[in-house]
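To keep things clear, I will list the structure first and then write my remarks on it.
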């Protein structure tokens, strides 16, 4: 097992989209109220006193939609300034990015992932539940102009919706130094659609792209599990995240912290979670919290390998937006 050095921090469970694979309109969700969410100071305390001493020094801010969190740029500035923090990145749906990209960059953020599931505005509306393609595309352009590098676009491939666009989405990397990542559809968030539509193996997508453009090994900076390739001569790269077809538990280097303070060692397994918010608010010393997290790190390999649920059975109590993706 690799060293766990990467934490995904969900800042908010709310979102201004209703993506079919995450938070569909028909989902019955109860939003967290502000007092239930970790405050900026609580997040910084956990990072400074619990995670950094354990060697976890790379952080990704997620949601929900993190750009909905008030004062996000102040949290980013404080997080980036903590001694020992090696990397801070953010994942967003891009809707508010045109207005906020410059502020985020000035706060110290350099790496950003944007969900972008279709080049077709109507298909985009069907997937996200909102008619906001143009605003997101504009946000991508602004983020590129501001200087985010690498700029990554996340594509969840859903049969019958955007599967036919894979080659066109891959072509975005030909003249742009972008990283387009194709993510296998998972059952978390919308099990009914997963059962109905299924998912497409990354290898099938690679074969299609290889047939049209060719494909060679590539590299992009980051901390994720993507297998990286490049179209020969392209400025950008392609990534494939194959959590359904190609188990990468043996190279998992991450944990997830929900916006209400639950630390989760594995995306596909709900066992082993620990609550950090309540003991932190109760004044429990940081050393005791570190020990809890240390013990969770010790058992993470067993949770990854022995408790992994591929979605073929069981159910998930939390949606992707509540977990933090």
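Each residue, glycine too, has its Cβ placed from N, Cα and C.
From a predicted model like this one, the values you see are computed outputs, not experimental measurements.
With 8, 91, 152, 254, 255, 256 listed by Swiss-Prot as binding GTP, the candidate from 37, 60, 288 annotated for that site turns out to be 60.
Cα distances from residue 256 (GTP binding site) to the binding-site residues 19, 21, 22, 64 are smallest for 64.
Same-chain residues at least 6 positions away in sequence with a Cβ under 8 Å from that of residue 255 (GTP binding site) are, in sequence order, 4, 6, 7, 8, 56, 263, 264, 265, 296, 297, 300.
A sphere of 10 angstroms centred on the C-beta of residue 22 ([4Fe-4S] cluster 1 binding site) encloses 27 other C-beta atoms. Around residue 115 (S-adenosyl-L-methionine binding site), the same-chain residues at least 6 positions away in sequence with a Cβ under 8 Å from its Cβ are 19, 91, 92, 93, 94, 153, 154, 156. Annotated pair residue 21 (S-adenosyl-L-methionine binding site) and residue 266 ([4Fe-4S] cluster 2 binding site), C-alpha to C-alpha distance, rounded: 19 Å.
In this entry, GTP is bound by 8, 60, 91, 152, 254, 255, 256, whose most widely separated C-alpha atoms sit 21 angstrom apart.
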